[in-house]
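**Q** Before I ask anything, let me first share the structure, which is written out below as structure tokens.
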């Protein structure tokens with residue numbers, strides 16, 4: 001990169017750095033960006049940079065591929081119903097071991113290596129997230145968010161720490177549940193009055209035509225996002241992600257972004273450039 005291009009990049013980023021200093025940005029980390037070493041390192045660098053310029057990032061993660069690997073290694077078969085893993089007690093033990101004890105610490109260590117001050121938590125810690133059964137309760141220990149206690153995170157954020165949160169939480173009886181990480185991220189963003197919710201995915205964002213990669217919708221209003229679901233333009237796996245964004249925006253989050261985590265440094269490109277790279281849904285209209 002020549003000197004003039006470096007200056008151009010920094011000049012474009014500066015207004016956004018100034019705008020978001022001291023603001024909270026909740027990042028749901030998952031998909032290819034969690035699996036491939038180059039992408040993983042780029043995400044860690046992006047989050048560390050956000051923290052270094054005064055933004056307050058909060059990371060929420062799942063860990064589907066790692067869970068699948070360990071279930072196979074332990075010869076535990078998975079049953080899927082309505083697209084969700086039916087989670088019995090044996091499976092839940094593995095989910096909790098992998099998400100809380102392994103994946104969470106890998107993320108924390110990766111961020112700390114780059115100079116961030118990351119702290120690993122699960123939804124159970126300090127009753128940060130209280131779980132309830134998902135849907136009709138026929139999926140075992142698959143959970144939903146009953147309530148969020150953001151007070152757990154406030155002292156950490158005030159002191160410059162980066163909370164890294166696994167999507168495992170307990171119900172009032174102390175029984176652990178596996179909750180969709182998108183859902184946890186959205187509810188935390190609302191409870192923290194975050195400026196942005198960013199979902200790192202394995203798609204470009206919301207497409208006007210699912211068969212046309214050039215039909216990316218770069219910006220939507222809340223009402224338009226709802227209409228796209230109603231019209232079937234948003235369907236399949238994009239539906240729960242869009243609904244997660246809608247719920248967060250309806251509770252006061254300023255903007256939600258669905259971003260292609262397969263692109264190196266997607267996080268910085270979305271936050272600190274004029275064009276961005278994904279779909280931004282605005283909480284107005």
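Each residue, glycine too, has its Cβ placed from N, Cα and C.
Sharing the record's features from Swiss-Prot:
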| type | residues | note |
| --- | --- | --- |
| SITE | 28 | site 'Transition state stabilizer' |
| BINDING | 63, 64, 85, 178 | substrate binding site |
| SITE | 241 | site 'Transition state stabilizer' |
**Q** Work through the recorded sites one by one (28, 241) and point out the residue whose CB has the fewest other CB atoms within 10 angstroms.
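**A** Across 28, 241, these recorded sites, the one with fewest Cβ atoms within 10 Å is 241.
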**Q** In the structure shown, with every protein chain counted, which of the binding-site residues 63, 64 has the densest set of Cβ atoms within 10 angstroms of its Cβ?
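**A** Max Cβ neighbours within 10 Å, all protein chains included: 63.
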**Q** Taking 8 Å from the centroid of the Cβ atoms of 63, 64, 85, 178 as the cut-off, which other residues in that chain fall inside it around the substrate site?
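**A** My list of surrounding residues reads 62, 67, 68, 95, 99.
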**Q** Considering Cα atoms only, can you say which of 28, 63, 64, 85, 178 is the nearest neighbour of residue 241 (site 'Transition state stabilizer') among these recorded positions?
**A** 28
**Q** Does residue 85 (substrate binding site) have same-chain partners at least 6 apart in sequence with Cβ under 8 Å from its own Cβ, and which are they?
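**A** 78, 79, 91, 139, 142, 178 - these are the non-local Cβ neighbours of residue 85 (substrate binding site), listed in sequence order.
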**Q** So, three-state DSSP: helix, strand or coil for residue 63 (substrate binding site)?
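**A** Residue 63 (substrate binding site) sits in coil per DSSP, no helix or strand.
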**Q** Using the residues the record lists for substrate (63, 64, 85, 178), what whole-number Å value is the largest Cα to Cα distance?
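**A** Those residues reach a largest Cα separation of 13 Å.
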**Q** For residue 28 (site 'Transition state stabilizer'), what is the secondary structure by DSSP, using just helix, strand and coil?
**A** strand
**Q** From the Cα of residue 28 (site 'Transition state stabilizer') across to the Cα of residue 63 (substrate binding site), what is the distance in angstrom?
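**A** Distance (Cα to Cα, whole Å): 11 Å.
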**Q** Just counting, how many other CB atoms are there within 10 A of the CB of residue 178 (substrate binding site)?
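**A** That number is 27.
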